[in-house]
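A.B. asks: Per Swiss-Prot, the features are:
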- 1-30: region 'Disordered' (REGION)
- C51: active site, thioimide intermediate (ACT_SITE)
- D58: active site, proton donor (ACT_SITE)
- V73, E74, S75, H92, E93: substrate binding site (BINDING)
Amino acid sequence: MDSIETHAKQLGQQTPLPASPEAAQLDRVPNPHADTDYLARFTAPEFTSLCPVTGQPDFATLVIDYVPDRWLVESKSLKLYLGAFRNHGAFHEDCTVGIGRRLVALLEPRWLRIGGYWYPRGGIPIDVFWQTGEPLKSVWLPDQGVAPYRGRG
């Protein structure tokens, strides 16, 4: 099996926030349990990007669930990649689906889903959901745990 050091290039050193999501380096590490179906979850409760029209900040909670195959995403590189959206202008749907697709291209997981729970803009919350196909029946798939947005009342 490949060593972690050859794949986790940013781990253990000071790494600046990438200038853009495209410039961000996502790292992967070998999955020591590639023979086992299990779910890994990442939750980013303070995700930010910019509206591509107004430049105003948009805020979301992202929940990424995946069933790994040979590769795991290295969490520091994922944190830096998601942080690179802070000054990136894109619509909610583009951010959410684009993140999911980039992870699928990197990891080639057995299954992946992403939920983007966006705070209201113009009084309308936008939730975006994307997945690669049917979830595996052998894996416990908990609810993403993000309550529907409720205004006052």
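Here, residue 1 is simply the first one shown, and the rest follow in order.
Placed from the backbone N, Cα and C atoms, the Cβ positions cover glycine too.
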A.B. asks: Between the two most separated Cα atoms in V73, E74, S75, H92, E93, the residues recorded as binding substrate, what distance in Å do you get?
C.D. replies: 24
A.B. asks: Per DSSP, H92 (substrate binding site) is which: helix, strand or coil?
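C.D. replies: DSSP assigns H92 (substrate binding site) to helix.
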A.B. asks: Between E74 (substrate binding site) and the residue listed as 'active site, proton donor', how many Å separate their Cα atoms?
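C.D. replies: Rounded to the nearest whole number, the Cα-Cα distance is 25 Å.
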A.B. asks: Give me the Cα-Cα distance between D58 (active site, proton donor) and E93 (substrate binding site), rounded to a whole Å.
C.D. replies: 12
A.B. asks: Nearest to C51 (active site, thioimide intermediate) by Cα distance: which of the binding-site residues V73, S75, H92, E93 is it?
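C.D. replies: Checked the binding-site residues V73, S75, H92, E93; minimum Cα distance to C51 (active site, thioimide intermediate) goes to H92.
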A.B. asks: Which ones in the same chain are close to V73 (substrate binding site), with CB under 8 Å and 6+ residues apart in sequence?
C.D. replies: L26, D27, R28, F42, Y66, L103, L106, L107
A.B. asks: Could you check the recorded positions D58, E74, E93 and say which one's CB has the fewest neighbouring CB atoms inside 10 Å?
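C.D. replies: Among the recorded positions D58, E74, E93, the sparsest Cβ neighbourhood within 10 Å belongs to E93.
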A.B. asks: Please state whether DSSP places D58 (active site, proton donor) in a helix, a strand or coil.
C.D. replies: strand
A.B. asks: Where does S75 (substrate binding site) sit in the DSSP three-state scheme?
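C.D. replies: Reduced to three states, the DSSP call for S75 (substrate binding site) is helix.
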A.B. asks: Non-local Cβ contacts of H92 (substrate binding site) (under 8 Å, 6 or more apart, same chain)?
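C.D. replies: Spatial neighbours, sequence-distant, of H92 (substrate binding site): D58, A60, G116, W118, I126, V128.
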A.B. asks: Across all chains shown, how many C-beta atoms besides its own are within 10 angstroms of the C-beta of C51 (active site, thioimide intermediate)?
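C.D. replies: Excluding its own Cβ, C51 (active site, thioimide intermediate) sees 14 Cβ atoms within 10 Å.
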A.B. asks: What are the non-local neighbours of S75 (substrate binding site), defined as same-chain residues 6+ apart in sequence with CB under 8 A from its CB?
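C.D. replies: In sequence order, F42 meet the Cβ cut-off.
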